[in-house]
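Following: one structure in structure tokens, then a few remarks.
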């Protein structure tokens, strides 16, 4: 699950406000982060004493299980995640892909296409301004960067972790809701298992059906439920300790762990402690989460040590009679909250995979205009619902679902440990001994749990393995096909020598307007250009090669989003624009985007004219200078802007022009993703005698072209494997990638390109 982003600029706030923000963030984390973790007491002991461990249901074994839970709970979530892993967040974002993006930015480990250009200049590219060095293991860096197989293995490990987290989004709602609803059998003795399963399915369907409404208020709506739940189970645990077995505190000694394993051997359980990678606020975990859950586990163990026969429904049987129904209601609500948190996290993981080129294009609905990361993906939501209901109906048993959840959860933990060891080497520049110590300490514990979970593969543990295999296959095939397509474009791009040989007219008729040519290339002219002009020898007076690029950072500041450069001499009227988005950014392409694009190109023209170095002749080697266009640099906008409804006066002063650009930027960046509020503006060229005539002519051509209209040109590419390709490549490209491409959303839909202005150029690649 993603770590929630913190409050920025805390160092500039007064100390009182800083701590108020810290407490507020800790409060919000109860609803968003800890929902699934807090519901684990509903089913841990039942899952523990399943299978062969039923033969060891006695007081000493209960003491051993509690000791194992306590020390695992202390070692993994408290020491590993809260103390160490949270320090490796990617600008407030967590998860396997966030760690992978950190590694790719600090070492050349990525297979992902479109990772060139000046991304290293982004303020968030390197962690806390930390620039890469060779570190203590330069040979390991060189080995990973040089050997393709090593980078492939790393990518597969990351995809495995992400796939298991998606599987977590299926299993967590099933086990949480089914566990909470099973409490009905404690008081309603005539209720059958089928009725409990039916009620659980109704709750699950309702939960997924409400996802489209968004979760922008999830933190404040759900946090009170989780807080009440935690205090309830903490108080019940304390009551059970005092009432049933005050000696239960002795189980905190590691001696009982040794005694437990000596008695049970290799048949140790998987204690499902929840999904700890989501912990983002240490304060909430240390002050409330940790003590309340420990008290509950101790109290439940105290009850079970004196009531061994109540093991299957131990949690609800341990609740005092007068408060049973209120606790049952809170438990059901807490289970829904925990499921909601995991579902939202699954959406976030899928969007990360999609943004980094590892998942087919899906519809991403941003449900909040104020909170980053509040998204809804319809296709994934309904797939999760069907699979979650299917798991609930098929197994009907918390123990079997717990076995499946154990495999998924422990795999994610082990993948995180492995990636963290690499983070320590490549990002933190720590000594190899430090990284190995971390990996051996936590990895050995997690391997023991994972191996014990894998022993239950035939008892439900196969479910996450099958789901992970399916999702990994989809992600890797899509990534493989996308990479092959990009490599073909890169190898067959049009040389600048050829472009220059065509002359200013490019040997075609130049018609009025702006031609916006979408390309994945950040350098060179794509093959689509020559393919189009060969069949239709006409193009627009102004050509802009646009690359919408996903960068391996969570967010890109609006002031760093646009890179603008020139292709060919000035008379050609050809420009390149790279628009960079982070994997958490909202991508919007509409009329305001067109206005911003024209503004930024105009600003680049003025910057180029005022730069003394631009007087040199055009360099065919580097294809011109790329410049980051911001609203806060020393250059003002050369274009005046007025609203098309003539309610605003024409703005001609340089200061007013700069303000209009910032206003336009604000209207573009703050626009609600679900509401189309397009600002209609008209550009005007200011009358300034000191402006160079060539610059004025170029700006005039740009403005006239914008008023004529913008046409979007995009390639509609079919790729097929060569006849002499291997069986795997032919299957992956001709079957797998082709199927995914035909059944996912088109790139024009994803980029919100107006259909009436779109020209698609069909092309076939053999890779």
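Keep in mind that glycine also has a Cβ here, set from the backbone N, Cα and C atoms.
Here TrEMBL flags 661-675 as compositional bias 'Polar residues'.
Positions annotated as domain 'K+ potassium transporter integral membrane' by TrEMBL: 25-500.
Sequence annotations record features per position, and here TrEMBL assigns domain 'K+ potassium transporter C-terminal' to 512-766.
For 22-43 (among others), the entry in TrEMBL reads transmembrane segment.
What TrEMBL lists as transmembrane segment is 63-82 (among others).
Here the transmembrane segment (152-175) has Cβ contacts under 8 Å with residues 1, 36, 43, 95-97, 99-100, 103, 109, 111, 144, 200, 204, 207, 275, 338-339, 342-343, 345-346, 349-350, 352-353, 358, 384, 387-388, 391-392, 395, 398, 401-402, 404-405, 407-409, 411-412, 415-416, 418-419, 422, 463-464, 467-472, 475-476, 479 of the same chain, all six or more residues outside its ends. Per TrEMBL, the feature transmembrane segment maps to 152-175 (among others).
Annotation comment: TrEMBL describes 195-211 (among others) as transmembrane segment. Sequence-distant neighbours of the transmembrane segment (195-211) (same chain, 6+ residues past either end, Cβ-Cβ under 8 Å): 173-174, 177-178, 181-182, 184-185, 332, 336, 339-340, 343, 376, 381-382, 384-385, 388-389, 392-393, 396.
The feature transmembrane segment is assigned by TrEMBL to 218-242 (among others).
Taking Cβ pairs closer than 8 Å, the transmembrane segment (283-303) reaches residues 22-23, 26-27, 29-30, 33-34, 37-38, 40-41, 44-45, 62-63, 65-66, 69-70, 73, 77-78, 82, 227, 230-231, 233-234, 236-241, 243-246, 248-249, 251, 310, 314-315, 317-318 in its own chain, all 6 or more past its ends. Feature annotation from TrEMBL assigns transmembrane segment to 283-303 (among others).
Sequence annotations record features per position, and here TrEMBL assigns transmembrane segment to 323-350 (among others).
Taken from TrEMBL, the feature transmembrane segment applies to 371-395 (among others).
Annotated transmembrane segment per TrEMBL: 401-425 (among others), in sequence order. Only residues 6 or more beyond the boundaries of the transmembrane segment (401-425), in the same chain, are considered here, and those with a CB under 8 A from a CB of the stretch are 43, 46-47, 50, 76, 80, 84-85, 88, 96, 99-100, 102-103, 135-137, 140, 154, 157-158, 160-161, 164-165, 167-168, 171-172, 174-175, 178, 270, 272, 274-277, 391-392, 395, 432, 434-436, 438-439, 442-443, 446-447, 449-450, 453-454, 456-457, 459-465, 468.
The feature transmembrane segment is assigned by TrEMBL to 432-450 (among others).
Per TrEMBL, transmembrane segment is recorded for 462-478 (among others).
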On the 0 to 100 pLDDT scale, where does the domain 'K+ potassium transporter C-terminal' (512-766) sit on average?
74
